[in-house]
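K.L.:
First, the structure itself, so that you have it in front of you.
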């Protein structure tokens, strides 16, 4: 593992508030307080340098205020950017003769105040946004309009998340609640099974019992309030078979991530934990069981943070085989998930096979960390900070483990390939049939008695190709007796039309 903080002018030395990797090309997009979005190409480490470097590619300038959040669509053809004042812009990737460029596709206008977080649905058809106006909005990206408004929070909505399986969305607010919404489609005559999210559960407090029976049980809040820096929600993970999948909801003071492992657990990072009524609060990452999202339960697992609040969690987009250090593991999975937990001043990398972090990085920045992102191949991990700089970490081959395909993806991929082959065969059959019909029509046309095209030389020696009805009229005119003053016409030679 190599890396470090790159001392370059990212956003005119102003705070870098957000970053994200393109899911195919691996380009890094950053947004900051200079109202700008910048694209960077990552250059790997070499023998002389102990950290990767970046090359500036392009700037996307349109926002009139600080850019708070950037998120690429799952297929990489669009980029959503949210900013202060309710600005929400969708960028579209276009191909040109000299390469590719990003242009503004549409502006989504409805939020009245700052947009703090965004998350795409797995198919890229919908987008959820959270704002300081206390609301979440689900956008229909095909229509470019509001699909549904979730306005149950009483304070800033600073984090939103989308379940990779499309069953849930989650929102986290400074009113100290995490609201879970369940998709219950509406059956409409014109559009059956319309997506519709209804409130499923509100996660807010847990009951604490003291070791001393004389002390009555008390309830403690799970989450921080608005006195801490703003936080965001991000639902990241892997789309697997629902019977083998579990969502991990990760909520943080800065960013929140939701991801999936294979046991049905839901992890929420960002919290203030008390293990007893008399103990002090500890900054904590929570993990809940998915099957218990419908009722108030104690978190299944606690991951205490080292002093500072957790601001972001991102799950690695690649899964790995077990290393065998602990056969049972913390989650008892047949594979390993790796995820990064960022606090205000440090970064911890966990996996699902160990209770302790597998790596801890601290002292990276002079000011608070604001966001964290993985590259699509899990080779790089990027951090942004309010000090105006970003940190890049590069992992060597096999350092995180041996990558394996997602459970169930091989079958789906084979099925998709079979469908593609059938489509190609069907297309070839249709093309062959169409060519045969074309040949038959052509042969039939040659046998039909149609007026031939003729080549006529008029008095000015200008040649004119005539066919169809015009040929009939010309032929009729050419058979008339010529005027005395006109020279005699030459013989007309019939010509066949191809």
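In case you wondered, yes, glycine gets a Cβ from its N, Cα and C as well.
According to TrEMBL, the protein carries these features:
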type	residues	note
COMPBIAS	412-438	compositional bias 'Basic and acidic residues'
COMPBIAS	471-481	compositional bias 'Polar residues'
DOMAIN	1-233	domain 'CAF1B/HIR1 beta-propeller'
DOMAIN	273-400	domain 'CAF1B/HIR1 beta-propeller'
REGION	403-438	region 'Disordered'
REGION	458-498	region 'Disordered'
REPEAT	16-40	repeat 'WD'
REPEAT	60-101	repeat 'WD'
REPEAT	108-149	repeat 'WD'
REPEAT	150-181	repeat 'WD'
K.L.:
Mean pLDDT over the domain 'CAF1B/HIR1 beta-propeller' (1-233): what is the value?
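P.N.:
Looking only at the domain 'CAF1B/HIR1 beta-propeller' (1-233), pLDDT averages out to 87.
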K.L.:
Report, as numbers and ranges, every residue of the chain located at least six residues beyond the repeat 'WD' (60-101) whose Cβ falls under 8 Å of a Cβ in that stretch; write 'none' if there are none.
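P.N.:
Sequence-remote neighbours of the repeat 'WD' (60-101) are 17-25, 29-33, 35-39, 107-120, 122-124, 127, 129, 131, 133, 141, 144, 232.
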K.L.:
Sequence-remote contacts (6 or more beyond its ends) of the repeat 'WD' (108-149), Cβ cut-off under 8 Å?
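P.N.:
Distal contacts: 68-75, 77-78, 80, 82-90, 155-162, 164-166, 169, 171, 173, 195-197, 230, 232-235, 239, 255-256.
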K.L.:
If we skip the immediate neighbours and take only residues 6+ beyond the ends of the repeat 'WD' (16-40), which ones have a Cβ under 8 Å from one of its Cβ atoms?
P.N.:
10, 54-61, 63-72, 74-76, 79, 81, 83, 102, 317, 370-371, 373-377, 380, 382, 384-386, 388-390
